[in-house]
Amino acid sequence: MPHDALVSRTTLITRDAADPLARFRDLFHMPDDLIYLDGNSLGPLPKRTVERMQQVVQDEWGRLLIRGWTACDWINAPSRIGGKIARLIGAHPDEVICADSTSVNLFKTLAAALALKPGRHVILSTPDNFPTDLYMAQGLIRHLGGVHELRLVDGERIEDHLNDQVAVLLLTHVNYKTGRMYDLAHLTQRAHACGALTLWDLAHSTGAVPMDLNGAEVDFAVGCGYKYLNGGPGAPAYLFVARRWQPVFSQPLSGWMGHATPFAFDPVYEPAPGIGRYLCGTPPILSMAALECGIDLLLDADMQQIRAKSLALTDLFIQLVEMRCAGYGLELMTPRDHAIRGSQVSFRHPQGYALMQALIAAGVIGDFRAPDIVRFGFAPLYLRFVDVWDAVDRMLHILEARAWDREEFRQVKQVT
Ligand SMILES: Cc1ncc(COP(=O)(O)O)c(C=O)c1O
Ligand SMILES: Nc1c(O)cccc1C(=O)C[C@H](N)C(=O)O
């Protein structure tokens, strides 16, 4: 959006009226007067989920009991939901399965990827990757006897470190602190050129950024169900394995749900022929039912429209903060360049923690990330342009009045 000094609350109300995604807001529960800029950590509750939970608990579990596994097709929930997620990320339906947490899926896919590159010992990543990605790699390395190395290098220069030692390039597409987005297709191609595989963490891009995993020839990916997919706290995650790698190796968490014939109760493990081998234990049906509602909402929207609005919202937020809150010590961390920006905006502020507490008290929910980052996520399905104006307005009042400068806001409580 051009930097238009004439932008006002009224012009933004007009802009909302013309928004092709406007109808989605009413499909969510959103407390009055709350501006929710934290959907990149935990998405809000879709109204349909409330009905569906009632149905799955009372009618399915309550009345059908164990018959639900077949009568309600619970058993196929992981592949059915995986198939729906596939449509959001440019994958074939049989390349995605819904299961476990992102962390566990990282372990399974990283183990599979390393086994495909026996002569190479390096997992290449960045120190600012989300910690669970690094922790899971460290744990797997220990488990495999310490022959691998997790090599952490500056993300801006990652290409310089791709060489014939690298087995797997392990990156998070959109950085959780800064909102910086990597060029997934380009880096995948560069990794392949040196003979390495790619494992992408799509936690902060799924449902916010259109992706074409097959077009980019990505090998493995994982993603999160409770952020932009609005699946609820601790919603199941997903994993993607390109068709070409599915038959080659089975992952190490060889639970019975990943068996070719789980109900044959054979004492010997034999992996399922396709993506099903990446399952481990029994799927959490209640959580999956909630997640499916969130995904269905997204599938009803157009990902290109979502991306266009996400960029417009983040542009507007940057513009208004810089125009209206100038001189109060806020420093933009998120790239201005659309090509490398996800769906969030982060600023540094010397009193970042207290500022975020004051914002939350004023009804603007974002996140604080140590040491000094205030982070705002923009989910186009339920946010309005006028919300951006109001959020900046409340921030300006807090900054002008130094309302953050209160003992209760400075005291660091548990940080989420
Ligand atoms: C990039 C990234 N990966 C993974 C996770 C979390 O994984 P899990 O669902 O296993 O807690 C998060 C956020 O919690 C994240 O931001
Ligand atoms: N997964 C979370 C949780 O269980 C509690 C609080 C926050 C989270 C998050 O999602 C953190 C998030 N991934 C982040 O980007 O910072």
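In case you wondered, yes, glycine gets a Cβ from its N, Cα and C as well.
Annotated in TrEMBL:
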BINDING   THR102, SER103, PHE130, PRO131, THR132, ASP133, THR172, ASP201, HIS204, TYR226, TRP256, THR282  pyridoxal 5'-phosphate binding site
MOD_RES   LYS227  N6-(pyridoxal phosphate)lysine
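Positions of the features from TrEMBL, shown on the structure.
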residue	record	DSSP class
THR102	pyridoxal 5'-phosphate binding site	helix
PHE130	pyridoxal 5'-phosphate binding site	coil
THR172	pyridoxal 5'-phosphate binding site	strand
HIS204	pyridoxal 5'-phosphate binding site	coil
LYS227	N6-(pyridoxal phosphate)lysine	coil
TRP256	pyridoxal 5'-phosphate binding site	helix
- Far apart in sequence but close in space: which same-chain residues, 6 or more away, have a Cβ under 8 Å from PHE130 (pyridoxal 5'-phosphate binding site)? THR172, TYR176, ASP201, ALA203
- Note on the structure: Among THR102, SER103, PHE130, PRO131, THR132, ASP133, THR172, ASP201, HIS204, TYR226, TRP256, THR282, the record's pyridoxal 5'-phosphate-binding residues, the widest C-alpha separation in angstrom comes to 31
- Query: Including all protein chains shown, what's the count of other C-beta atoms within 10 A of the C-beta of THR102 (pyridoxal 5'-phosphate binding site)?
  - Reply: 23
- Pick out which of the binding-site residues THR132, THR172 has the most other Cβ atoms within 10 Å of its own Cβ. THR172
- Within 10 Å of the residue listed as 'N6-(pyridoxal phosphate)lysine' (Cα-Cα), which of the binding-site residues THR102, THR132, TRP256? none
- Task: With the Cβ under 6 Å from ligand 1 as the test, give me the qualifying entries from the recorded positions THR102, LYS227, TRP256.
- Result: THR102
- Excluding its own, the Cβ atoms lying within 10 Å of the Cβ of LYS227 (N6-(pyridoxal phosphate)lysine) add up to 28
- Message: Give me the count of other Cβ atoms within 10 A of the Cβ belonging to TRP256 (pyridoxal 5'-phosphate binding site).
- Response: 16
- Message: Within its own chain, what residues at least 6 apart in sequence put their Cβ under 8 Å from the Cβ of HIS204 (pyridoxal 5'-phosphate binding site), listed in sequence order?
- Response: ASN40, THR172, HIS173, VAL174, ASN175, TYR176, GLY179, CYS224, LYS227, TYR228, GLY342, SER343, GLN344
